[in-house]
Amino acid sequence: MVVLDQRVLPGATEHLKIGECAQLVEAIATLAVRGAPALGVAGAFGVVLAMDEAARKGWTEAERDAAIDGIRDARPTAVNLAWGVERVRPLVAAGRDAVLAAARELAEADTAANRELSRLAADWLLERFGDRPLRALTHCNAGVLATSGWGTALGVLRELAARDRLEHVHVDETRPLLQGSRLTAYELAQEGIAHSVQVDGAAASTIVRGLVDFAVVGADRIAANGDVANKVGTLGVALACHVSGLPLVVAAPWSTVDLETATGEDIEIEERPGDEVVVIGGERFAPEVSQGFNPAFDVTPARFVSLIATERGLVEPSAGTRPTDLA
Ligand code: MRU
């Protein structure tokens with residue numbers, strides 16, 4: 001398996017050759033591969049990797065299954081990872097070709113879903129704003145890099161740009177791992193979309209001052225009631241939108257909706273090493289005694305979510321509709 005190493009973008013374009021499950025788990029845990037839909041696809045291909053490694057090393061079925069479990073559990077918040085693994089796992093008995101074909105299908109379906117949900121969200125926005133160029137804010141990276149193609153939140157922005165209805169994008173840098181300034185800005189620059197990168201602390205003010213018309217983000221897990229887990233900082237964006245009467249749009253494929261999770265309170269929030277917060281470029285800038293607190297995600301309650309756009313259709317949680325309505 002070969003993956004683009006997102007840790008070193010945009011400075012370097014390097015690929016990781018992954019031949020063992022432990023390497024894939026490491027790549028996921030360190031965010032070489034990241035973004036909920038991309039994790040789903042990596043999980044599905046990870047099952048093929050486990051079958052190959054099992055055959056090479058003469059593993060028992062139990063050892064192979066434990067390796068598959070390890071991939072599934074490499075990160076806890078994005079439901080897509082477990083979803084991707086469990087979608088293809090039942091085919092293990094049918095053989096490698098069947099699992100590989102299912103993983104490929106899953107990746108193709110993800111790109112198609114992203115295109116459809118982007119179209120639906122763009123229609124919703126333009127109907128609301130009267131078909132004029134819009135100014136947007138986005139947080140983290142929900143683009144091509146985070147999916148198998150096209151993107152979710154960034155897919156909506158690309159769709160608006162394709163219709164000549166996108167004026168400017170404010171990109172939150174997304175501390176501590178800078179998915180906004182490293183990855184989203186990189187994708188927007190490649191697309192030729194006008195944008196500026198701002199510190200996360202500027203987001204509320206950008207929204208409340210009316211410098212944007214709406215905010216759009218992806219999601220790592222959407223609970224049955226419409227609560228949304230996404231990159232930490234999303235909740236602040238949502239609250240500022242709520243106060244200002246601006247829409248917060250969540251763009252995600254149906255694979256991110258977890259109907260078995262009733263509300264956001266039931267979503268496990270990954271807590272990452274504190275050093276990611278207090279060490280920058282290898283240099284610690286907080287006092288030695290100061291610990292970093294590093295929850296990677298937060299949960300935005302459904303009442304602050306104006307729209308969830310999926311390929312199955314749209315729901316407006318703040319107006320009372322729920323993902324369960326599309327089930
Ligand atoms: O920690 P990350 O970079 O994997 O977090 C990614 C996000 O929070 C994205 O917004 C989400 O996965 C949606 S990607 C289409």
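Every residue, even glycine, has its Cβ placed from backbone N, Cα and C.
Note that TrEMBL annotation is computational and uncurated.
Site annotation for substrate in TrEMBL covers R34, G35, A36, R75, N230, K231, and the matching candidate from Q179, Q190 is Q179. K231 (substrate binding site) carries a strand DSSP state (E or B). DSSP assigns Q179 (substrate binding site) to a helical segment in the three-state reduction. Sequence-distant contacts (6 or more apart, same chain, Cβ under 8 Å) of G35 (substrate binding site) comprise A78, N141, A142, G143, L145, A146, T147, G218.
In sequence order, Q179 are the recorded positions from R34, A36, R75, Q179, D220 with a C-alpha within 10 Å of the C-alpha of C140 (site 'Transition state stabilizer').
Every protein chain considered, the tally of other Cβ atoms within 10 Å of the Cβ of K231 (substrate binding site) stands at 27.
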